Amino acid sequence: MAGPSLRPHVHWAQRHRELYLRVELSDVQHPDITITDNVLRFRAQGHGAKGDNIYEFEIEFLEPVEPKPVCRVTQRQLNITVQKKESNWWERLTKQEKRPLFLAPDFDRWLDESDAEMELREKEEEKINKMKIESRVPKDPFKHLKKGYLVMYNLVQFLGFSWIFVNMTVRLFILGKSFYDTFHTIADMMYFCQTLALMEIMNSLIGLVRSPLLPAVLQLFGRNFILFVILGTLEEMQSKPVVFFIFYFWSIIELFRYPYYMLSCIGIEWKPLTWLRYTAWIPLYPLGGLSEAVAVIQSIPIFSETGKFSLGLPNPLNVTIQFSFLLQLYLIALFLGVFVNFRHLYKQRKQHLGPKKRKMK
């Protein structure tokens, strides 16, 4: 049978608009806090001065208060905030003149009336100054136009890469078409999407988006080099199976990236999409980079044999710089670019999906 309830130690402080009660109980369970007829009633199981027990108390406030207290439980104590109905300074907390034995001032938060008024004035001045600063900042008359443009851009790119992904999936897995005709059926749409992606560099340069410029440049240059130079200029490369894998990995990545940015433009966050946006790249970026490297390696003998894009220097040097040699250097740059993008996306993943730090008060 449970023993009689006990009163915990309660510390209080006030401001012109609020009352603060700090109940000295740890490991509080099932707190029951109500305010009825200006009387606060508290009852909870917790560990206090008399050990683990049921603690309760009542306080009849000096003046009217709002009936909905705000309670915050921590491991060591329980904090209650009560709003006064009128903003003024009380000479004491309770209606009874003699202070209850369990109640004491909270000197950690205690202010006299003059200090509280000064604090209130400082907060009001800070609020006024903030409003003045915000009023000085010129409003962007093109804000909605910019937002509409970004939504449409991301939507068009999403639809384009969706068409590529669905078309490739249906042709290969349902119609049973081969890898070898991927370029001839998909290239036009891929040309369109990758050419349109040049706007991402422009968006970053003029400040429409806050994304870093270097990762965008590296990805766009790398993809367009593979698409327009390696695949677009060599017919021998267009029928190779590696084209399928390059286009497939590119399209899957963009299926998550563009809708994520489109929803972000209008202030919507869908958590599964956020997780996919910052997780799917982990296997897809290395696989995409590997596919691009395979395409470069396969193209080197073709460029060496045809001499295409090779640069002959005039006398007295009389030297020919083979484009195939530049491709070997490009392979190194390719993996460096993948590393830079990998590092950038890893930081973004930690920022968006990392553990939330609790604020200590």
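Including glycine, each Cβ sits where the backbone N, Cα and C put it.
TrEMBL lists 5-94 with the feature domain 'CS'. Per TrEMBL, transmembrane segment is recorded for 149-174, 243-263, 284-303, 323-342.
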Count the residues of the domain 'CS' (5-94) that DSSP assigns to helix (H, G, I), to strand (E, B) and to coil, and report the three numbers in that order.
0 helix, 57 strand, 33 coil
Looking only at residues six or more beyond either end of the transmembrane segment (323-342), which have a C-beta under 8 A from one in the stretch?
214-215, 218-219, 222, 225, 285-286, 289, 292-293, 296-297, 299-301, 303-304, 307-311
Other same-chain positions with a Cβ less than 8 Å from the transmembrane segment (149-174) and lying at least 6 residues past its termini are 182, 185-186, 189-190, 192-193, 196-197, 199, 203, 208-209, 244, 247-248, 250-252, 254-255, 258-259, 261-262, 265-266
Tell me, roughly as an integer, the mean pLDDT over the domain 'CS' (5-94).
91
Long-range environment of the transmembrane segment (243-263) - Cβ separation under 8 angstroms, sequence gap at least 6
150-151, 154-155, 157-158, 161-162, 164-165, 168, 172, 179, 182-183, 186, 190, 193, 223, 226, 231, 237, 269-270, 273-274, 276-277, 280-281, 284-285, 287-288, 291-292, 295
